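Novice: Questions regarding the structure given below will be posed in turn.
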Amino acid sequence: MSIDSALNWDGEMTVTRFDRETGAHFVIRLDSTQLGPAAGGTRAAQYSQLADALTDAGKLAGAMTLKMAVSNLPMGGGKSVIALPAPRHSIDPSTWARILRIHAENIDKLSGNYWTGPDVNTNSADMDTLNDTTEFVFGRSLERGGAGSSAFTTAVGVFEAMKATVAHRGLGSLDGLTVLVQGLGAVGGSLASLAAEAGAQLLVADTDTERVAHAVALGHTAVALEDVLSTPCDVFAPCAMGGVITTEVARTLDCSVVAGAANNVIADEAASDILHARGILYAPDFVANAGGAIHLVGREVLGWSESVVHERAVAIGDTLNQVFEISDNDGVTPDEAARTLAGRRAREASTTTATA
């Protein structure tokens, strides 16, 4: 992808920076501040070119705008991407500390128009480090006055989304269904446990062989990484990186439901159309995985109790039922229906704010 096409984006702001000493590129993209300051996690990963990092940040920021709106949260959408010069695990502590300090400086210069939190390859400890330089950070450790990890709340929301999608697809409950979980990290691992407790038969895959071995020891079945997208299952739960369902994959995916925690699971609109035409019911990711945003914004901005946050995460299932109702009534894909619902809620929130 060219840098020109990556910059052809309709969001509000793009901030980039390069650090010669570490070789890291920094990207912050603010998609919308209509409902409040933009918010979105910090993702650290390797990219083949800067254009890919810009595109990833833009897509993720857009998803955050939708996620905040559909969840009735008073924030906009943004995202940070740190394009690393080497795999995260190979970066020494002093280099990582410098990378985080520079990222915090970039955030602080935005003067509260953007807040960040943990994402791929960043955690609460990293948020504590960012907080040494800037106040505009979610997901700090409990010891630093933050809400801690949002992983379990995210998993709860995805689990409720999965149950709602399975029920709407006419499959009843998860009991006895085969669920393939791709990615056994903090969210995917918790989701797998919840699905197993509900009686699902689990197939699991992860790049981390220790995670897979642990799952197998619990009685689950491992699937080779190269076989994930061709293995038959009732429910496919992508919980790793996004973009896994391309048009080619959508034509051959052998499942009835797609409901996972990964962001931007569907690579493009055509893939969504193909899934819909084939009768594969997809839980739009920005609805299904909103539990993390609910946890961080609810606890650290709105002052919600743990019980209220949990209730709001469980209510993701109800939100999906509204999405499916719009999809059925209007004859559109669930993704289009979810965007319609997000737009409706954003307009309602804007009207309420304007008349308050």
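Quick reminder: no glycine exception, Cβ is built from N, Cα and C everywhere.
For reference, Swiss-Prot lists these features for the protein:
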type     : residues                                                                  : note
ACT_SITE : Lys79                                                                     : active site, proton donor/acceptor
BINDING  : Arg43, Asp119, Ser150, Thr154, 183-189, 206-207, Arg211, 240-241, 261-263 : NAD(+) binding site
BINDING  : Lys67, Pro118, Asp119, Asn263                                             : L-phenylalanine binding site
Novice: I'd like to know which of the binding-site residues Pro118, Asp119, Thr207 has the most other Cβ atoms within 10 Å of its Cβ.
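Specialist: Checking each of Pro118, Asp119, Thr207, the winner is Pro118.
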Novice: Enter the number of other CB atoms within 10 angstroms of the CB of Gly188 (NAD(+) binding site).
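Specialist: The answer is 27 other Cβ atoms.
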Novice: Around the L-phenylalanine site formed by Lys67, Pro118, Asp119, Asn263, list the extra residues of the same chain whose Cβ is within 8 Å of the site's Cβ centroid.
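Specialist: Neighbours within 8 Å of the Cβ centroid, excluding Lys67, Pro118, Asp119, Asn263: Gly40, Gly41, Arg43, Leu60, Met64, Lys79, Gly117, Val120, Asn289, Gly292, Ala293.
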Novice: From the recorded positions Lys67, Lys79, Pro118, Asp119, pick the residue whose C-alpha lies nearest to the C-alpha of Arg43 (NAD(+) binding site).
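Specialist: For Arg43 (NAD(+) binding site), the spatially nearest of the recorded positions is Asp119.
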Novice: Among all protein chains shown, how many Cβ atoms are found within 10 Å of the Cβ of Thr154 (NAD(+) binding site), not counting that one?
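Specialist: The Cβ of Thr154 (NAD(+) binding site) has 28 Cβ neighbours within 10 Å.
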Novice: If you skip the near sequence neighbours and keep only those at least six away, which residues in the chain come within under 8 angstroms of Gly185 (NAD(+) binding site), Cβ to Cβ?
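Specialist: Set apart from Gly185 (NAD(+) binding site) by at least 6 residues yet with Cβ under 8 Å, we have Ala151, Asp206, Arg211, Cys239, Ala240.
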Novice: Given a 10 Å Cβ-Cβ cut-off, pick out the one of the binding-site residues Arg43, Met241 that has the most other Cβ atoms nearby.
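Specialist: Comparing the binding-site residues Arg43, Met241, the most crowded Cβ belongs to Arg43.
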Novice: Just report the maximum Cα pair distance in Å for the recorded L-phenylalanine binders Lys67, Pro118, Asp119, Asn263, no decimals.
Specialist: 16
Novice: In three-state terms from DSSP, label Thr207 (NAD(+) binding site) for me.
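Specialist: In the DSSP reduction, Thr207 (NAD(+) binding site) maps to coil.
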Novice: Restricting the comparison to the recorded positions Lys67, Lys79, Pro118, Asp119, which residue's C-alpha is spatially nearest the C-alpha of Gly188 (NAD(+) binding site)?
Specialist: Asp119
